[in-house]
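Per TrEMBL, these features apply:
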TRANSMEM  6-21  transmembrane segment
TRANSMEM  33-52  transmembrane segment
TRANSMEM  103-126  transmembrane segment
TRANSMEM  146-165  transmembrane segment
TRANSMEM  177-201  transmembrane segment
COILED    224-251  coiled coil
TRANSMEM  378-396  transmembrane segment
TRANSMEM  425-446  transmembrane segment
TRANSMEM  466-489  transmembrane segment
TRANSMEM  523-542  transmembrane segment
REGION    604-669  region 'Disordered'
COMPBIAS  604-617  compositional bias 'Basic and acidic residues'
COMPBIAS  618-634  compositional bias 'Polar residues'
COMPBIAS  635-644  compositional bias 'Basic and acidic residues'
COMPBIAS  658-669  compositional bias 'Acidic residues'
Amino acid sequence: MSGAALGLEIVFVFFLALFLLHRYGDFKKQHRLVIIATLLAWYLCFLIVFILPLDVSTTIYNRCKLAVNSSPAESNGSYVTLAPSKQKCFKPWSYIPNGIMPIFWRVVYWTSQFLTWILLPFMQSYARSGGFSITGKIKTALIENAIYYGTYLLIFGAFLIYVAVNPNFNLQWNQLQTIGIAAANTWGLFLLVLLLGYGLVEIPRSHWNGAKRGYLLMKTYFKAAKLMTEKADAEENLEDIMEEVRKVSESIKYNRPLRKYVDTILKKCPTEYQERMGRNMDDYEDFDERQNSYPSEKSLVKLHKQVICSVQRHRRTQVQWQILLEQAFYLEDVAKNETSATRQFVHSFHSQEPENKIIQYFYTPTVEWYWECLLRPWFYRVLAVVLATFSVIVVWSECTFFSTNPVLSLFAVFIQLAEKTYNYIYIEMACFLTIFFLSICVYSTVFRIRVFNYYYLASHHQTDAYSLLFSGMLFCRLTPPLCLNFLGLTHMDATISHKNTQPTAYTSIMGSMRVLSFIADGFYIYYPMLVVILCIATYFSLGTRCLNLLGFQQFMGDSEMTSDLIDEGKELIKREKRKRQRQEEGENRRREWKERYGNRDISTRNRVVHTDQKESSFSETNTNRSLSKYTRSNGRTERDRIELLQDAEPLDFNADSINDDPLESDSGR
C-alpha cells in the first residue's frame, strides 16, 4: 500500500477541483488557458489540504523508528517524549516512502507561488483586455502589471542591497529563500485570520437559519428585490452599449480598415442585437464619399472591453433570476405542504428539467414530504450545533496553541493521545477533519464575498474569467499559511512545540523561521488570537450594519429598508408566479386542442389569434417600443405578425394592481 493512498488522493482531488470549476466556470465559452490555470491553482490548493494528513502520519512513524533505533542515551535526550517499544512501532497503511514527500511538496508549493504571484495576475489583465489580437492583449497586460511587478522588484532589490552593505548579515541562499517564504506566508496569514473569523461564525449560523422556513423565504424575497434592481441596471447598461455599437457599426462600413474590429465586436453581442444591426447595414461606399470622423482603434478596444463585461453581466443576472425564482417557488411550496394532511409533497409547477428515473423511484412525494417538512429542519439544527462546537474548539486552540506545558490546544491533545497508541487511522481522520473544517471556513468565505462587479463567483457557469483567476490567486496565497497554522494547532511544527523532533516534510521545505525571530516568535503566535475579536464582530453583524449604513443594502431583520425590500420581492415573485401559471395553462390548452383536433385547428387558431389581438395590443406596443432603436423593414409578412401576436403575453388584471396605469409604470422606468 506504499504510495497507493497518495495516488488515490491525487486522482480524487483532481476530479473534485474539476467538478467545482465546471459548476462555476464555462468550459465552452471561456478561454482554455483561463480554465487550465484556474484548474491548476484550485487543484494544487485542494491537494495540499488532502495530502497533509498523510504527511503527519508518516512523520509520526519516522519519529517512532528514530526513537527505537536510537541508543538509550539518545532516548533520554532528543526523543525522551517518544520512547515507544518496538511492538508499538508499526508501519501505517498510508505510509509514503522517504524522499517522495519533500519533492512532492517542493513542486506543489513553488508551482502555486509562481501561479499566484506571476502568471495569474498577468492572465487577469489579459482576460479583461479589449484588444483584438494576442499581441495587443499581451501589451495591455504588461502595461497594467508594470506597477504590480515593479513594486515587488523594488522591495526585493532594496532588501538585497541592505543585506549586502550591512556586515552583520551573512545570509545564504537558503536563508533568503526562507525570508521570501515567510513574507508570502505573513501576507497570507493576515488575510487568513480575517476570512477565518467570518467563516467560524457564519457557517454554523447559516445552517441554523436554514432550519427556519420563514427566514429562508424572507431572505429569498430580499434577494429577489436586489437582483431585480441589478437585472434592470444590467439591461439598461447593455442597451446603452449596444446603441454605441450600432452607431460605430453604421459609421464604419465594410470597406473601412477598422471594419474587421467592428465585426469582432459584433460577434460578442447577443444574437438578437446582431440580427437587428445586420438588417440596417448598407452596401459598400467609397472612401471619399463622406467626410465623417471615425472612431480610433483605441476607442474600439475600450468598446470591445465594455461589450464583453456588459454581455457577461446581463447573462449572469438573467440566469440568476431564473434560479432564484425556482428557489422561491420551492420554498413557498414547502410552506404550503407543511400543513398537508396527505403527507405528500405537491409542487406548484412541473420541473423544467427531465428528472432522473432512479431518483424519482426512491425520492417519492411521500419521502420528499418527510424530508423537507419534518427531517430536514432537525438535521440542519444538529449540523449547526456540531459546526458550532468545532468553531469553539478552533477559537480556543488559536488562542492557546503556543502553550506547550501544559498543552492547552485541544487539537494537539487529540493528536498526542493518538500518537501514544500509534493509531494512524485516528490520527489521519482527526487531522483531515481539522484541516478540512478550517479550509471550509476560509474557502467558503472566498466564494461568498463580492467586490462590486469586479470579483464575484456565481454558480451555474456564470463566473467570468477575471473572478476565476482571482479566486485561484487567493487560494494559492491562503493555503500555505493555513497548513502552517494547522501544524501549529496540532504542535507538529517544531517552531511551536520547541521540541527537537523530526519535522514534517511540509515544514522542512519552509525552512527554519528562526531567521526572522520577530515573525516566528511574535506574529505567527499572537496574530491568530485576533480571530476572537473577528468572531465577536461577525456574531453581532457589525460588518453587515456598517455596509447597511454606507448604502449597501444587507439583510437585517430589524431594518426598515429590509422590510421594504422583502415586500417588493414578494410582489415580484407573485407576478412571476402568475406569469408562469398563465404559460402552463396556455401550453395545456394547446396540447389538449392538438390532441383533440390534430391538424384541423389551423383556421380556428387564426380566429383565436384575431380574437386575442385586443388583449395583446399593449404587449405588442411595449415590444415595438423596445425595438424602436432597431426598426424592421416594412416588408414583414403576415405570418411573422401572427407569430409575434401568439408569443405576446395578455395583461394580468389582478385586483391588487388593476388601478395601476401601465403607461405610467413604463414611463417611470
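The backbone N, Cα and C atoms fix where each Cβ goes, and this holds for glycine too.
Long-range contacts of the transmembrane segment (378-396) within the same chain: residues 196, 200-201, 203-205, 207-208, 210-211, 408-411, 437-438, 441, 489, 531-532, 535, each at least 6 residues beyond the stretch ends and with a Cβ under 8 Å from a Cβ of the stretch. Across the candidate stretches 33-52, 146-165, 177-201, 523-542, the maximum count of CB pairs under 8 A to the transmembrane segment (466-489) is reached by 33-52. Tertiary neighbourhood of the transmembrane segment (146-165): same-chain residues 117, 121, 171, 176, 179, selected by CB-CB distance under 8 Å and a gap of 6+ residues from either end.
Here the transmembrane segment (33-52) has long-range neighbours at 6, 9-10, 12-14, 16-18, 20-21, 25, 27, 104, 108-109, 111-112, 115-116, 119-120, 123, 127, 431-432, 435-436, 439, 465, 468-469, 471-473, 475-476, 478-480, 482-483, 486-487, 506, meaning same-chain residues at least 6 beyond its ends whose C-beta is under 8 angstroms from one of its own. Taking Cβ pairs closer than 8 Å, the transmembrane segment (177-201) reaches residues 113, 117, 159, 171, 391, 394-395, 438, 440-442, 444-446, 474, 477-482, 484-485, 510-513, 515-516, 519-520, 523-524, 527-528, 530-531, 533-535, 537-539, 543 in its own chain, all 6 or more past its ends. In the predicted model, residues of the coiled coil (224-251) average a pLDDT of 92.
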